[in-house]
Amino acid sequence: MSQSGADPEQRQQASEADAMAATFRASEHQHIRYNPLQDEWVLVSAHRMKRPWQGQVEPQLLKTVPRHDPLNPLCPGATRANGEVNPPYDGTFLFDNDFPALQPDAPDPGPSDHPLFRVEAARGVCKVMCFHPWSDVTLPLMSVPEIRAVIDAWASVTEELGAQYPWVQIFENKGAMMGCSNPHPHCQVWASNFLPDIAQREERSQQTYHNQHGKPLLLEYGHQELLRKERLVLTSEYWIVLVPFWAVWPFQTLLLPRRHVQRLPELTPAERDDLASTMKKLLTKYDNLFETSFPYSMGWHGAPMGLKTGATCDHWQLHAHYYPPLLRSATVRKFMVGYEMLAQAQRDLTPEQAAERLRVLPEVHYCLTQKDKETAATA
C-alpha cells in the first residue's frame, strides 16, 4: 500500500521513521536548546529563514540628529521637566530620573490577606547616565577613552548604590525600536531592595551549577566556547563576545570576562581599557551589519551587592547581555508574540549562523568608511 493510501496513524509513523533516519543538522532541522543560565528553552527553526516576509516593516531611522538641541532634556545646559538645569558637562553625566519607577521612601504594604495575593515592599532609586555631551554620537562612534569613562562611571554607580541596595541594574535601550524616544546617548540605572525575577533565576542557576561542578557556570561556559569557536564573535586579552548557544534574539550576544570577576567595580584598569575597545568593536559590527544605527537593549548582571557579598557569591560571573531586535534588514525586526508569549522563545537564524555573520564584519564603522569615500571623491 502506498503512503498516500495509508490511514493517518500509519502516515504519522512513516513520517517519524523518516525523520529518525535523517541526519540531524542544526542549520536545517528544528530543535530546542536549553539555557542553563536562566533555566529555559528556546525553539530553533532554521528552515523558517527561507519564508518570504510580508509582515511589518519599520520606518527608516532618522538620518541626522542635531548635535545640540536646547530643548532636549539630556543635553548640556538644557532644562529638564522638574525645572533643574543640566550642567555644561563634557563627559558622562549622572542624575536622578525625573520620572522614577522606584523611590526610596515608599510605604510598606503590610502582610497579605491571602497567599494568592502577595504584596511586598519595593524601594529603590532610578538614575539616568548620559554618555557624551553630543546627541549625534553613539557608543560605537565614541573614542575608546570616552567609552572607558562610561565604564568607570558604571563601576562607580554600582559601588555607590550597591552600598544600600542588593541589586543595581544598568541598562541601555538604544533606538526608538526599543522604546527610546531620545537619541541622546544614555543609559539608565535602577537600584532596588529586591532581586528582580531574571536576577533570581540567574542566582539559582549559577548556585546550582557551582554546587554540582565546583566552578562558576559562565566561567566554564566561556572556556567551552573558546574551544568550540563556532559561536565566537570577538576575543581579546581579557574579554570574550559570543552569540550564546541558547540565544533568543537574532543577533543576541553575551560579553564575558576571561577571568573570574563577580562585579563591575572589580575590573582592573587593563580590563576596563580592553572592555572599552571590545565594546566599540562589537557595536561597530552591529551597526555595520545592516548599515544602520543598530537598536538593542543591553545590561550588566553581576553578583548581588550589600549583604550578599563575599564567599556566598563565588558562583557568580559578571556578564553583559545584548538583545538586538533586527532580523533580516534595518527595517525588519523579530517580534516576541504568540508562541513566545504563550509557550516559549523561538528563533529562526541559528546562533552559529548569526555569529559567523557578525564575526566577518569589519571593525571600522561604515559611517567613517563613507566619509573617507566622500573625501576621496572630492579631493
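Every residue gets a Cβ built from N, Cα and C, even glycine.
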For the feature region 'Disordered' as recorded in Swiss-Prot, pick the matching range from 1-20, 201-220.
1-20
Suppose a student reads Swiss-Prot and sees A81, N97, D98, Q188, K334, F335, M336, V337, Y339, E340 listed for UDP-alpha-D-glucose. Which of N72, N173, N288 should they find annotated at that same site?
N173
In Swiss-Prot, E202, H319, H321 are given as binding Zn(2+) 2, so which of H223, H301, H365 is in that site too?
H301
Compute the C-alpha separation of E202 (Zn(2+) 2 binding site) from E340 (UDP-alpha-D-glucose binding site), stating it in Å without decimals.
20
May I have the list of same-chain residues other than E202, H301, H319, H321 whose Cβ is within 8 Å of the Cβ centroid of the recorded Zn(2+) 2 site, in sequence order?
L37, I198, L218, L254, G299, W300, G302, A320
Looking only at E202, E340, which of these binding-site residues has the biggest number of Cβ atoms within 10 Å around its Cβ?
E202
Non-local Cβ contacts of H319 (Zn(2+) 2 binding site) (under 8 Å, 6 or more apart, same chain)?
L218, L254, L255, L256, P257, W300, H301, G302
Find, among the binding-site residues listed as H301, V337, the one whose Cβ has the highest number of other Cβ atoms within 10 Å in the structure shown.
H301
Taking Cα atoms as reference points, rank the binding-site residues D98, H321, F335, V337, E340 by distance from H186 (active site, tele-UMP-histidine intermediate) and give the first.
D98
